[in-house]
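Chemist: To start, I am sharing the structure in question, which I have written as structure tokens.
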Amino acid sequence: MGNGECLEGGRKAAVILTSSRHAIAFTGAGISTESGIPDFRGPQGLWRRFDPALASIDYLNTDPKGFWEFYIERFRVLNNARPNKAHLALAELEKLGIIKYVITQNIDNLHQSAGSINVIELHGNYTTVYCMRCKTQYPFTLALRKYEEGENPPRCPKCGGILRPNVVLFGEPVNEINRALEIAALSDVALVVGSSLTVYPAAYVPLVVKEHGGRLIIINLEPTDYDDYADVVLHCSASEALDLVLNEVKGIMAAGN
């Protein structure tokens, strides 16, 4: 999509958002690639290089040492990442009263780092770990330090149980999905950013908005199966598209005052 098409799509999206009553953002891995975090299913995606089974609860239970060897490198990448313009734009749209919730599939904590307040994390957050035995929670940096000191798997200082990341692994339920779907059913606009809408049940969230008579905006570099279902589609980078949308929203709001 060229700059002209992105600009036109950004304007249309801004009009929809400024006229909304309760808009939500739904974000996937594509919003964080510009922060240096690889996505999962793209050409350089994580699951093209590694077996997804390495991120399963079964693997953690059967080989916690191997699990941590795989995850520690990914967590180091997350720990070094910083919010990009797309995260910052969503946070500003929330401050302007446009976006009511950010519902994310990501575990990278970048929405909170950018200043978003109402964030629902469907798949958890990498910044904490907890003991599989006593459930005591600790900062991820404690597990990282223990691992770097040669303790693999890292263990709970309190009871000696194995520590695990506070994220949803393959084979585990998505506990926050019901809350997200309830919010979606009350919303009139879903702004999808950086998601191919192929991972369920998470992908149901923006679709519920549309099914309840709301509007659907999709910002994703690659086409999705729901592009024809959407009201506006922008095949642009997340930061470029959201920068356009934010500026257009500000212009519309200024003109209305």
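Glycine too: its Cβ is placed from the backbone N, Cα and C atoms.
Just lifted these from Swiss-Prot, have a look:
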ACT_SITE  His123  active site, proton acceptor
BINDING   Ala29, Thr33, Phe40, Arg41, Gln105, Ile107, Asp108, His123, Ser195, Ser196, Asn220  NAD(+) binding site
BINDING   Phe40, Ile107, Asp108  nicotinamide binding site
BINDING   Cys131, Cys134, Cys156, Cys159  Zn(2+) binding site
DOMAIN    3-252  domain 'Deacetylase sirtuin-type'
Chemist: How big is the Cα-to-Cα gap, in Å, between Cys131 (Zn(2+) binding site) and Ser195 (NAD(+) binding site)?
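Modeler: Each residue's Cα considered, Cys131 (Zn(2+) binding site) and Ser195 (NAD(+) binding site) end up 31 Å apart.
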Chemist: Applying a 10 Å Cβ distance cut-off over all chains shown, what neighbour count does Gln105 (NAD(+) binding site) have?
Modeler: 21
Chemist: Which binding-site residues (Gln105, Ile107, Cys134, Cys159) fall within 10 Å of His123 (active site, proton acceptor) by Cα distance?
Modeler: Gln105, Ile107
Chemist: Fewest other Cβ atoms within 10 Å: which of the binding-site residues Ala29, Ile107, Cys131, Cys134 wins that one? Let me know.
Modeler: Cys134
Chemist: Rank the recorded positions Asp108, His123, Cys159, Ser195, Asn220 by how many other Cβ atoms lie within 10 Å of each Cβ and give me the one with the fewest.
Modeler: Cys159
Chemist: Could you check which of the binding-site residues Ala29, Asp108, Asn220 is the closest Cα neighbour of Cys159 (Zn(2+) binding site)?
Modeler: Asp108
Chemist: Going by Cα-Cα distance, which of the binding-site residues (Ile107, Cys134, Cys156) sits nearest to Ser195 (NAD(+) binding site)?
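Modeler: That would be Ile107, nearest by Cα distance.
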Chemist: Please report how many Å separate the Cα atom of Ala29 (NAD(+) binding site) from that of Cys156 (Zn(2+) binding site), as a whole number.
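Modeler: It is 30 Å, counting Cα to Cα.
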Chemist: Whole-number Å distance between the CA of Asn220 (NAD(+) binding site) and the CA of Ile107 (nicotinamide binding site)?
Modeler: 19
